[in-house]
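S.K.: Here's the feature list from Swiss-Prot:
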- C409: active site, nucleophile (ACT_SITE)
- C73, C79, C82, C162: [4Fe-4S] cluster binding site (BINDING)
- Q284, Y313, D334, D382: S-adenosyl-L-methionine binding site (BINDING)
- 2-60: domain 'TRAM' (DOMAIN)
Amino acid sequence: MNLRVKQKIPLKIKRMGINGEGIGFYKRTLVFVPGALKGEEIFCQITSVKHNFVQARLLTINKKSKFRVRPACPIYEECGGCQIMHLRYDKQLDFKKDLLKQALKKFKPQGYETYDIRATIGMEHPQHYRAKLQFQTRKFGGSVRAGLFKEQSHHLVDIKDCLIQDELTQKIVNRVCQLLDDYNIPVYDERRHFAGVRTIMVRKSQATNQVQLIFVTSKEVNLVGIIRDLTGYFPEIKTVAVNFNSSKSSAIYGQKTEILWGIDSISEEVLDYSFSLSPRAFYQLNPQQTQVLYHQALQALDVTAEDHLIDAYCGVGSIGLAFANKVKSVRGMDIIPEAITDAKRNAERMGYTNTYYEMGKAENVIPKWYKDGYQASALIVDPPRTGLDEKLLKTLLTYQPEKMVYVSCNVSTLARDLVQLVKVYEVNYIQSVDMFPHTARTEAVVKLVKRKQNSCSKK
């Protein structure tokens with residue numbers, strides 16, 4: 001490879017990569033170009049040379065894709081929170097289906113060439129869909145700013161009007177920044193070793209319009225005045241909490257969360273039932289598409305009244321509780337104590353007596369349940385982006401529940417895990433759901449059915 005940094009080269013884009021970048025070949029060398037689209041002929045400048053590929057910056061487009069659109073966001077190229085806003089939305093959906101195909105081709109689970117990968121289910125109005133805002137804070141020119149860090153940098157992009165963020169959550173964080181200035185509240189800066197407010201989280205219930213606000217701080221700060229002003233200005237705010245995180249790691253939250261004002265949880269609805277959300281509990285970022293995602297999961301698992309169901313990575317119990325009136329029993333686990341408290345509370349509020357929730361890692365709790373005699377016939381897993389733990393995979397291959405649905409937020413770890421799972425299960429179909437329009441991320445529901453004959457035996 002004779003390419004060098006700052007060298008300018010012509011390139012034809014052959015496809016798009018998993019991060020939404022354009023991919024082409026220059027003299028057999030793989031070139032990644034953010035912002036370029038499939039089919040375009042461009043001129044780019046090399047920014048980084050690696051062992052077997054190079055990265056480049058888009059300079060000019062000589063032949064433009066007919067699917068290229070002007071991004072509506074004025075800070076799109078600077079922010080990095082969205083990666084494919086320059087691609088027409090219907091083609092974004094095609095791209096996300098292709099992401100699944102790319103991941104499967106890379107990991108090659110048995111029979112992947114014939115998997116039924118269904119068209120991505122998109123949104124009619126793919127704007128302002130994020131019900132949860134999580135912005136970092138810094139001080140610039142004497143004023144507090146909140147936003148996202150530019151990719152691979154420590155530069156915070158000030159965001160005043162995010163086009164994918166719920167409008168009320170954006171208004172609240174803008175007001176919070178003003179009040180942090182007015183009350184002279186210290187703001188975190190790792191380079192200057194300043195302690196203070198480092199992250200602002202705002203979450204809104206789509207069903208009730210109730211809002212939670214969390215200040216993540218590296219030290220105790222006096223928020224009394226800010227809380228008084230905010231709750232007077234925004235009656236939708238029902239909870240204000242503080243989370244303490246003094247670590248220098250990239251983790252957003254620390255272990256300790258305290259309610260400073262208001263109620264300890266807000267109410268949300270999905271599939272016609274209501275449930276509680278405490279500040280630290282996980283819930284999907286896009287409530288509208290969550291309805292679609294959970295409906296797809298219900299259809300795929302196809303439970304009966306005799307089934308015993310495990311809801312792994314259960315969060316507040318929202319998926320498992322959608323099945324509770326259709327099965328004999330539901331068990332779930334999560335590593336966040338507040339989530340398990342919420343799950344138990346939600347089950348009780350709905351009047352279910354056939355549910356059980358336990359705090360712990362799925363890879364530890366599920367083997368214990370099987371050894372204790374709980375024979376699950378159905379399983380739904382909704383793991384984090386890291387996918388299924390190896391210990392959990394071994395457990396599933398050993399005990400082999402008859403039905404399984406895998407809800408994935410990372411196509412790469414999904415494809416990796418399927419390499420093991422297809423030793424026991426057949427992939428009936430994969431349904432992609434667009435939970436994050438204008439980004440390179442997608443969600444997928446995989447229906448897995450136990451093979452009639454397989455090489456793995458129960459132990």
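Cβ coordinates come from backbone N, Cα and C, glycine included.
In terms of burial and nearby residues, how do these features look in this structure?
M.R.: The 10 Å shell around the Cβ of C409 (active site, nucleophile) contains 18 further Cβ atoms across the protein chains shown.
Of all Cβ atoms in the protein chains displayed, 21 besides its own lie within 10 Å of the Cβ of C82 ([4Fe-4S] cluster binding site).
Under DSSP, D334 (S-adenosyl-L-methionine binding site) is assigned to a strand (E or B) in the three-state scheme. Neighbours of D334 (S-adenosyl-L-methionine binding site), defined as other CB atoms within 10 A of its CB across all chains, total 26.
Along the domain 'TRAM' (2-60), the predicted structure has mean pLDDT 96.
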S.K.: I'd like the per-state residue tally for the domain 'TRAM' (2-60) from DSSP, helix first, then strand, then coil.
M.R.: 0 helix, 36 strand, 23 coil
S.K.: If you measure Q284 (S-adenosyl-L-methionine binding site) to C162 ([4Fe-4S] cluster binding site) at Cα, how many Å is it?
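M.R.: With distance taken Cα to Cα, C162 ([4Fe-4S] cluster binding site) is 18 Å from Q284 (S-adenosyl-L-methionine binding site).
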S.K.: Which residue, of the binding-site residues C79, C162, D382, has its CB surrounded by the fewest other CB atoms within 10 A?
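M.R.: Output over binding-site residues C79, C162, D382: least Cβ neighbours within 10 Å is C79.
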S.K.: Taking only same-chain residues 6+ apart in sequence, whose CB is under 8 Å from that of C73 ([4Fe-4S] cluster binding site), what do you get?
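M.R.: Within the chain, C73 ([4Fe-4S] cluster binding site) has Cβ neighbours under 8 Å at C79, C82, M85, C162, L163.
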S.K.: Could you state the CA-to-CA distance between Y313 (S-adenosyl-L-methionine binding site) and C409 (active site, nucleophile) to the nearest Å?
M.R.: 13
S.K.: Which residues, in sequence order, are found in the same chain with Cβ within 8 Å of the centroid defined by the Cβ atoms of C73, C79, C82, C162 at the [4Fe-4S] cluster site, excluding those residues themselves?
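M.R.: Surrounding the site, in chain order, are I75, Y76, G81, M85, I159, L163, I164, H438.
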S.K.: Can you tell me how spread out the S-adenosyl-L-methionine site is, meaning the largest CA to CA distance among Q284, Y313, D334, D382, in Å?
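M.R.: Across Q284, Y313, D334, D382, the two farthest Cα atoms sit 15 Å apart.
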